[in-house]
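Enquirer: Can you keep this structure in mind? I'll have questions shortly.
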């Protein structure tokens, strides 16, 4: 007998309808455990099936053993309503491929399932007996329904930005003691959590689920871990939500993340964030501050460096040792728009660092390669940034120590500028920018960078001080050495074996010539090794083009030393080695044609034709010769050992090439083919061919391909090379001329380098600590007819050179220097045109002259000495 307080029991022949169905059963009734127990009645025996169940065909959802296992698991896990477990199994269906997300959204496609409560509802029905309901029993309250969340559901919700679907997420996490950073909520391929997913799916710069996710993370106690959770795959390793917010240009989310404890020094080191030459796509310096700077977001840069929560340290370096200034140089591409924003951002960061860290100069920090931002710009050929750095002029007195260009005096359109030579010309103490420009052949536009002031005038000054005299002394010395070598080789004895005796005056003169030749060979050997190693040629192309003469001098010295060793050993083969050294020595005299523009351009043409056009021609021609020689020799009749005699049997000989084919025929035939190419050969071998027609046909095709085709192609290519060199002869010769100057300077000892150093020591202002700012500067007198005394921070109010000089240490032994007037003349900032747009930066890339203070190109000569002026 049933207890009146029990819930209603269904009769065996009735069907229990689920809540919310059209049966009219109240949706507020609880699911009776007795009905759940009756669901599995008669499962082991088929005799208890009702007629309704027996007549209904079995469907795919009637797997009773699986259903029993799911409900038993529900009881073990403590699910309040087992029907919820049935609904949760709907998310385990096959995943529909979603649209691709790139970049950084996902490396792989994952499925997205959107569940609608009215779709695909399936209810298990059980026939139970009808029992009258007790009108006195109150309906029990249903237990709360707990939503189930997993990665596909959560990622789909945040992608749509639906905050309503996140209801119940906090309860689910707290009930099951889970966190949003658990592995089950991460993308397996990248380790991405739902926060980066939400930031990558913004609508009009917003995603309303982001504050909700941060609130949930705070309540679950892992806010910092959730915000700073990085990507873990090799492609995007190290990237955090802060990087994504900056890349999406969302300052409000950047502020929100930083306020919640985001790491402002997180480093994104994945393959995607490497330079292009290393297989990456966008290198920005790994740090969030560098990313904001490289994407031209000054408002985010200001916030990261000045926020009250955690300030980004601008002095921080990435895994390559690069600062944010290095990163800006790395992304420069010499276009006008790119150069404009890079230079403005560069100055913003440099000035900001000076104000925040007065004792630090961000521009002097070296990376792992030992390069400052200026050196990096020179090495990578970023001419726009390079020109901006070396010509930077700051008129603000508080940050004037960051200037590299100072106006000493101005009078009308004429003004004298002082350029800071630190890092530009280091006088051998460390690697200088000038050496990087001259000896780094990977820069295609280095001849343009050498035309930027003050580099151009600095080279002219070096040539006037020591380059010209040293160069002509070297020319005379080398020619004398080669004349002595030639006379020594010409008057070698014809009889006897080496070493030859020295008896007469001529013999002693020959001995003196041999000693001088050996001495020059040893000298060239060590100097060539020094030049080849100290220049650090970056590749084979640099070695054979820029270092071609150093390589030829090295080979010449080796031949001279080997020839001397063979001579002393008594081997007559020394003569063969000596003649090669003699030829190569006279060819090396072309090196000294660099001193003159006319002959210097000619030597450059010869180098390019030898290493470019002629090399390719010889490669193809050699293949043709080997192929045709192999085929034609095969057609010749082999030689026999039978002797061929005259009619009187007096002269008997064994037949050889060209009468037949023997062991030496192939090499001799190669020489005959070369003679045919230049029109000097004959066809004596035709008589010994097995098939003369085939032989002649092959010879005709060979002559057409080599004499007609290849030779004319070589002539055309050489003409094109000569034309290209002629168009850029001036710039190319200047590069060779600069190389000659630096070669001479590097051959000097350190004390001579300092003695001939260009520039003067001047006091240009005050440093950050208030002490006099003394620098080694180079003076360039310039003229500007478009703007007159605009925004010029001048040092001296009296124009022209002073007649009073001071001496500073070692410099007084070289020459008198310009008087330091800082103690008597207070620097003034003359601002006569406050409406000039000083912020506009326009870098002329075609004609690299001196821009005026507004950045516009001048129509007149930017300096006193023009490029066409004689040296």
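Residue 1 is the first one shown; counting continues down the chain.
Note that Cβ sites are derived from N, Cα and C of the backbone, with glycine treated the same way.
So Swiss-Prot lists these for the protein:
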- 116-129: compositional bias 'Basic and acidic residues' (COMPBIAS)
- 651: N-linked glycosylation site (CARBOHYD)
- 824: phosphoserine (MOD_RES)
- 812-831: region 'Interaction with calmodulin and ITPR3' (REGION)
- 369-398: repeat 'ANK 3' (REPEAT)
- 1-469: topological domain 'Cytoplasmic' (TOPO_DOM)
- 491-507: topological domain 'Extracellular' (TOPO_DOM)
- 535-547: topological domain 'Cytoplasmic' (TOPO_DOM)
- 569-572: topological domain 'Extracellular' (TOPO_DOM)
- 594-608: topological domain 'Cytoplasmic' (TOPO_DOM)
- 637-665: topological domain 'Extracellular' (TOPO_DOM)
- 686-693: topological domain 'Extracellular' (TOPO_DOM)
- 723-871: topological domain 'Cytoplasmic' (TOPO_DOM)
- 470-490: transmembrane segment (TRANSMEM)
- 508-534: transmembrane segment (TRANSMEM)
- 548-568: transmembrane segment (TRANSMEM)
- 573-593: transmembrane segment (TRANSMEM)
- 609-636: transmembrane segment (TRANSMEM)
- 694-722: transmembrane segment (TRANSMEM)
Enquirer: Per DSSP, what is the residue tally for the topological domain 'Cytoplasmic' (594-608) in helix, strand and coil?
Expert: 14 helix, 0 strand, 1 coil
Enquirer: Look at every Cβ pair spanning the transmembrane segment (470-490) and the transmembrane segment (573-593), keep those 6 or more apart in sequence, and say whether at least 3 of them are under 8 Å.
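Expert: As far as Cβ distances go (cut-off 8 Å, pairs 6 or more apart), the transmembrane segment (470-490) and the transmembrane segment (573-593) touch.
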Enquirer: Please report, as numbers and ranges, the same-chain residues at least 6 past the borders of the transmembrane segment (609-636) whose CB is under 8 Å from any CB of it.
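Expert: Same-chain contacts beyond the flanks: 544-545, 548, 657-658, 660-661, 665-666, 669-670, 673-674, 677, 685, 688-691, 694-695, 698-699, 702, 705-706, 710, 713-714, 717-718, 721-722.
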Enquirer: For the topological domain 'Extracellular' (569-572), provide the mean pLDDT of the predicted model.
Expert: 90
Enquirer: Within the topological domain 'Extracellular' (491-507), how many residues are helix, strand or coil going by DSSP?
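Expert: Breakdown, helix to coil: 3 helix, 0 strand, 14 coil.
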Enquirer: Just to be sure I understand, if DSSP states are collapsed into helix, strand and coil, how many residues of the repeat 'ANK 3' (369-398) fall in each?
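Expert: When I sort the residues of the repeat 'ANK 3' (369-398) into the three classes, I find 18 helix, 0 strand, 12 coil.
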Enquirer: Using Cβ atoms and a strict cutoff of less than 8 Å, what residues sit near the topological domain 'Extracellular' (491-507) while being 6 or more residues removed from its termini?
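Expert: Counting only partners 6 or more residues beyond its ends, the topological domain 'Extracellular' (491-507) has Cβ contacts under 8 Å with 566-568, 570-572, 574-575.
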Enquirer: Are there residues at least 6 beyond the ends of the topological domain 'Cytoplasmic' (594-608) whose Cβ is under 8 Å from a Cβ of it, and what are they?
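Expert: The answer is 468, 471-472, 475, 545, 548, 721-722, 725-726, 729-730, 732-733, 736-737, 739-740.
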Enquirer: Below 8 angstroms Cβ to Cβ, which residues of this chain, lying six or more residues outside the topological domain 'Extracellular' (569-572), approach it?
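Expert: Result: 497-499.
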Enquirer: Sequence-remote contacts (6 or more beyond its ends) of the topological domain 'Extracellular' (686-693), Cβ cut-off under 8 Å?
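Expert: For the topological domain 'Extracellular' (686-693), the far contacts come to 635-637, 658-661.
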Enquirer: Counting by DSSP, what is the helix, strand and coil composition of the topological domain 'Extracellular' (686-693)?
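Expert: Counting residues per DSSP class in the topological domain 'Extracellular' (686-693), I get 5 helix, 1 strand, 2 coil.
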